[in-house]
Amino acid sequence: MKLKRMVVGLGERSYPIWIGGGIFSRLPEALQEVNFPKKIAVVSNPLVQSLYGQALADALQSSGYDHHFISIPDGEEHKNWTTLQTIYDGLIAKGFDRHCGLIALGGGVTGDMGGFAAATFLRGIPYIQVPTTLLAQVDSSVGGKTAINHPQGKNLIGAFYQPRHVHIDVDTLQSLDAREFATGMAEVIKYGIIKDKAFFDWLYTHREALQRRDTEALISAVKRACQIKANIVEVDEKEQALRAILNFGHTFGHAIENLSGYQTYRHGEAVAIGMMVAAHVSRRMDLCTADEVGAIERLLQVFDLPVTPPDYSLEAYLEAMQRDKKVQQGKLRLVLNKGIGDCLVQEIDAPAMLFAEALKQF
């Protein structure tokens with residue numbers, strides 16, 4: 001049983017992250033370490049519950065935790081008020097109060113919604129993230145962003161609310177289909193592009209081990225991704241400045257998700273395309289070379305990620321991006337890569353021409 005530990009340092013709201021293979025049974029140990037409440041709601045979807053619900057229930061029960069499952073539908077299209085109401089209803093029906101806790105067991109949708117329910121129920125109850133997808137393990141479970149979608153845009157209703165603990169068992173990644181695994185790799189690759197060229201190169205060197213989901217390779221990749229995100233969150237918890245770089249590829253990616261009705265593309269797939277568009281914009285602004293754009297494209301394609309934007313009009317893309325929550329006073333704030341391993345946030349006054357030129361590259 002391999003276990004790596006790290007801490008997200010946020011003063012009184014600091015919390016540990018455990019990363020390993022076969023560590024699911026050690027969740028009660030982690031709960032005790034952070035003095036988690038004994039009465040727990042486990043928010044999950046039917047598929048994840050069928051895979052891991054019994055193991056979790058056995059571990060909690062054997063350690064004296066009173067637990068209740070609240071089942072919610074999976075999928076980005078269900079990350080809405082109706083599903084949030086289902087969680088509230090379950091908490092109220094089971095008599096939960098401020099001295100109870102919540103575990104979000106599942107992927108990013110479950111983590112975002114479980115976290116937002118915890119942030120808002122009785123003005124806040126403690127929660128723990130147990131992410132079971134690669135995307136959730138390296139992105140949404142770390143940093144305290146919680147949210148639901150609005151018909152006009154993604155994650156428009158949310159709160160910053162840090163978990164007490166994040167419990168990452170990479171063995172859960174063996175159950176993912178190839179497409180779901182790839183969508184998580186998009187976010188892993190993002191960290192290399194924006195902050196760590198050596199990690200970017202490591203991902204390419206270890207591509208075969210990652211593709212076959214070797215436990216050691218997965219632990220190393222997830223740990224480094226979490227370290228990079230934690231270091232950024234520690235400096236800028238609420239995205240006043242530095243944390244915005246985590247949105248590399250996301251402005252255009254969210255536009256793709258919105259225009260496709262959250263149906264055609266998974267989040268990481270949309271972000272992969274968004275990163276390619278951002279890289280071409282960066283190239284147009286002489287922030288990176290054509291070879292570096294090619295290296296980004298090559299690594300994304302290694303993991304079978306899409307790199308070509310869908311055929312929506314430039315006007316549709318611009319309108320969707322203007323609804324992005326990162327727009328300030330009508331100006332787009334784009335994260336652009338400076339080569340590989342560094343980036344900057346750039347306000348774009350006239351995005352139409354820049355994006356028109358970038359889209360011509362596809």
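Residue numbers in this text run from 1 along the chain shown.
Any Cβ shown, glycine's included, is placed from N, Cα and C.
The secondary structure of THR133 (NAD(+) binding site), as reduced to three states from DSSP, is coil rather than helix or strand. Neighbours of THR133 (NAD(+) binding site), defined as other CB atoms within 10 A of its CB across all chains, total 26. The NAD(+) binding site annotation in Swiss-Prot covers 74-79, 108-112, 132-133, LYS145, LYS154 and rests on sequence analysis.
Per Swiss-Prot, the feature Zn(2+) binding site maps to GLU187, HIS250, HIS267; the stated evidence is sequence analysis. Long-range C-beta contacts of GLU187 (Zn(2+) binding site), restricted to its own chain and to partners at least six residues apart, with a cutoff below 8 Å, comprise LEU134, LEU135, VAL138, ASP139, ALA225, GLY268, VAL271. Following the DSSP three-state reduction, the secondary structure of GLU187 (Zn(2+) binding site) is helix.
ASP112 (NAD(+) binding site) falls within a helix when secondary structure is assigned with DSSP. Fewest Cβ neighbours within 10 Å among the binding-site residues HIS78, LYS154, HIS250, HIS267: that distinction goes to HIS78. Applying an 8 A CB threshold to same-chain residues 6+ apart, the list for ASP74 (NAD(+) binding site) reads ASN45, PRO46, LEU47, VAL48, GLY106, GLY107, VAL109, THR110. Neighbour counts of Cβ atoms within 10 Å were compared for the binding-site residues GLU76, ASP112, and the top value is held by ASP112. Sitting within 8 Å of the Cβ centre of GLU187, HIS250, HIS267, and not among those site residues for Zn(2+), are the Cβ atoms of LEU135, ASP139, ALA186, LYS190, GLY249, GLY253, GLY268, ALA270, VAL271, GLY274. Within the same chain, residues at least 6 positions away in sequence whose Cβ sits under 8 Å from that of GLY108 (NAD(+) binding site) are PRO131, THR133, LEU135, ALA136, ASP139, SER140, SER141, HIS267.
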